[in-house]
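First up is the structure itself, then whatever we jot down about it.
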Amino acid sequence: MYKLLIADDEPRLRNGISNYFPWNETGFEVLYEASNGKQALEFIEKNHVDVVLSDIRMPIMSGIDLAREIYNRGMIIKVIFLTGYKDFEYAKEAINYGVKNYVLKPTKYNELAEVFSKIKKELDKELENKVFEDVGTIDSEFNGIHEKIIAEVKDYVTENYHDARLEKAAGRVHLSEFYLSKLFKRKTGENFSDFVISVKMNKAAQLLKEINYKTYEVGNMVGYDSSKTFSRAFKNYFGISPKEYRKDRNSDDRE
């Protein structure tokens, strides 16, 4: 959940926005409600906040002044203004402080949902980029450790190809699924799921050389409940069906 601070000197409006909009469903948590910019700034100085939804005109410290302070202090916080039509020209000053989003008063549900959906996508993208940067930094410092982690994950898949899952692989190397997924892709050049499929298919190809196993039995042995699904996956990987593969290999053996 991203952390949201709401600042407005009108208690009724502030409480309405805080309590009647489904923030959790949108990916946000209302962390604090401030009645002016000074209160908001004091809270931000001591707590992590991702987004500020602020009225422009407030006593003691206005929304514009709050945005200016956030900008000048280099705080990585997105600011969204609540504004009336008469304040819109005044609000343009905030562009200088990185403010790009506005919600008009009276606040409408659809407009609020649209703006925060956009903000969440931006935050998600920034978080993803940060993960890549962190992985790159850690790679340079702990490259040997990461090589061992990838080797361990590959061993897990080879041993458990029938039911290999990212969740179990992550648990084995004590990493989150998200982090392991990014690390595996970065170090090997392929997705974890693609690697699992390659192990399954190569094992299936090996088993198909054994005349004792029927095609559906081979599919079951590598984790496919449906013979049709297995055959489709095999053909997608090798370009020929299991039956054709077996026929070609048997023909090669006779030669």
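Quick reminder: no glycine exception, Cβ is built from N, Cα and C everywhere.
Under the heading domain 'Response regulatory', TrEMBL lists 3-120.
The annotation 4-aspartylphosphate is assigned in TrEMBL to D55. Under DSSP, D55 (4-aspartylphosphate) is assigned to a strand (E or B) in the three-state scheme.
Secondary structure counts, DSSP: the domain 'HTH araC/xylS-type' (147-248) has 79 helix, 0 strand, 23 coil. Feature annotation from TrEMBL assigns domain 'HTH araC/xylS-type' to 147-248.
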